[in-house]
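Structure, as structure tokens:
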Amino acid sequence: MKYFLKSAREILKKNFISLFLFELTFRVLTAVFLLRAGNRIIDLLLEYQGFSYLTMDNYEQFITHPLTILTAAGILLLVFLGVLFETCGILACFERSWRKEKITLPGIVRSALKGGLRFIRKYPLRWILYMAGCTPFLTLHLVIWEMTRAKLAAVTLQKLAAAVPVWALAVILTVIFTASMFFSFTMPQRLLRLEEGKTVREDTRSALRGCFGRRIGCALLVQVLAFALVLVLFLAAVAVMTAAVKFGRSPGSAVSAVLVYGRWIRLTAGMAAGAVGMTAALLYLYTFFARSDKTEKSAAPQEKRGRLMQFFAKPRMVSLLTALIILAESLFVLLLMRESILDKTAGRGSTEVTAHRGGARVAPENTISALEAAVDALADYAEIDVQETKDGEIVLLHDTNLQRVTGLNANIWDLTYEEVSQLDAGIKFHKKFRGEKIPTLAEALECCQGRIRLNIELKYNGHNAQIVPKVLKIIEEYGFEENCVVTSMNYKYLEQIKELNPGIVTGYTLSMVYGNLSQMTAADFFSVKHTYLNSIFVRRAHALGKEVCAWTLNYQGDIQQMIDCGVDNIITDDPELVRKVILGEVEANPSYWDLLNYALR
């Protein structure tokens, strides 16, 4: 480890500025591609497959479509090309530093392009397998840091975790990472010397003989230290930003400011994690490779530079290029921040409040007591979920199974209403609600008539084909059309509602935000999970004349962020808190620690 630290210091010191500029440029350009092209690619795939929007209902059909798989393969190929280009550039920089030579940013780019093309020509098909072998290890930090930000990837991982036991998934990922780490030890020799696989394997085995455990342990330690470095820098940046906001902005805008700036610091930290993680991994692998006598004997002579390269290698041109790159990337970041900046007055005073599942914070969800709690909390709406019993009665229930609410392990479509009415929906919440019944939709409308409006969500479970006309009939019988909205994750339900009663206001409940909003003609508004919402989505919806409802928010920082985004309605378990945030009645001068907590969420 001492040898590595000494060698790493010498290598980095020689060409650190050039390496930093190369990584900065590469990471920003790839971020631009991901930000600009990612959603567009998904939209095109949805359009081709005949989907107007990506939802949990059509997710599996979308992700397993041949075109989606082909596109994913193409994107993976681009990832391999990107990793190859970056790896060749970094190793070329290390190689020049090892020989005590300087290299400029244009020189690194040229070496990366030339090295990558040589590698592909040498191994026309095998290069894909080689990059597949080393990419998991080299991009580990980026994957860990960005997984929660890449929403589609996060959903895919959740689906995978639901289908495969967690222990099995952990074993598979561990095996992939371990195999990738072992294979990565061969990459410097493959890329810099273009030697055949047998020779590379023999040389690597020979170099690892007698010190295998120590080398692997050091490689892992370097990765841990790299992650720790990025984490410390991230926390320091957030702490400094929070202090600047606390003492440099008015208290009324402090929460909004730390939310916006914190999001951009996390984006920057993700890019830094990828750069530091890959650089650290390659630095250790290169020093391991460079210790052999073969490296020094085969050090290639310096190539003669063309006039153009000589021109760009001049100190003044290097300084000018550096300044232009930093200026261009700074302008780009400012442009993105301007596009996503929150309008602090967008929802102030006009955002409505919906009590989630009635008043689920203080009473059993989807019960008459919960609705009474929503009325007492002065909520604008109470959100309820409805399903159909075996004999066709419409009742309030969120889950298809009754166990969580009543303790009975049975599905709602297997029981008649008489059987459901005998169950206790309150005792599991608190003993004071013993005897609370699962109400019918008719009973809920009777309770809420003239007191509170309702957001009625239709649950699809595959056993309730007639739920739409039955719900509409009950709404019409009680004259509740003007005092309710009807929502669902099943878009066909909304189309059916508009056919039967166009006057009913409908909302499409979304847990993802990919697709073409303009095609959602059967939805009058969108009800979206708050973690997927931003001001850009809200502006797109408002431009189409549709409102946006965010669910489910119980934390002051999240509530403030959605208000600043301009959402029209917030679904919450705590209506009083949301109302206080809307009216500005919460802590007028939040402490530094409160702001820091908001920034880190």
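Cβ coordinates are placed from backbone N, Cα and C, and glycine is handled just like the others.
Among the features that TrEMBL reports, transmembrane segment is placed at 16-35, 69-94, 127-144, 164-185, 218-244, 264-289, 317-337. Taken from TrEMBL, the feature domain 'GP-PDE' applies to 351-582.
Take the transmembrane segment (264-289) and the stretches 16-35, 69-94, 127-144, 164-185, 218-244: counting Cβ pairs under 8 Å, 218-244 has the most. Here the transmembrane segment (127-144) has long-range neighbours at 77, 79-80, 83-84, 87, 119-120, 176-177, 179-181, 183-184, 187, 190, 223, 226-227, 230, 270, 273-274, 276-278, 281-282, meaning same-chain residues at least 6 beyond its ends whose C-beta is under 8 angstroms from one of its own. If you look at the transmembrane segment (69-94), the same-chain residues 6 or more away from its ends with a CB under 8 A from one of its CBs are 11, 15, 18-19, 22-23, 26, 30, 41, 45, 103, 107-109, 111-116, 119-120, 127-128, 131-132, 134-135, 138-139, 187-188, 191-192, 278-279, 282-283, 286, 290.
Averaged over the domain 'GP-PDE' (351-582), the predicted model has a pLDDT of 92.
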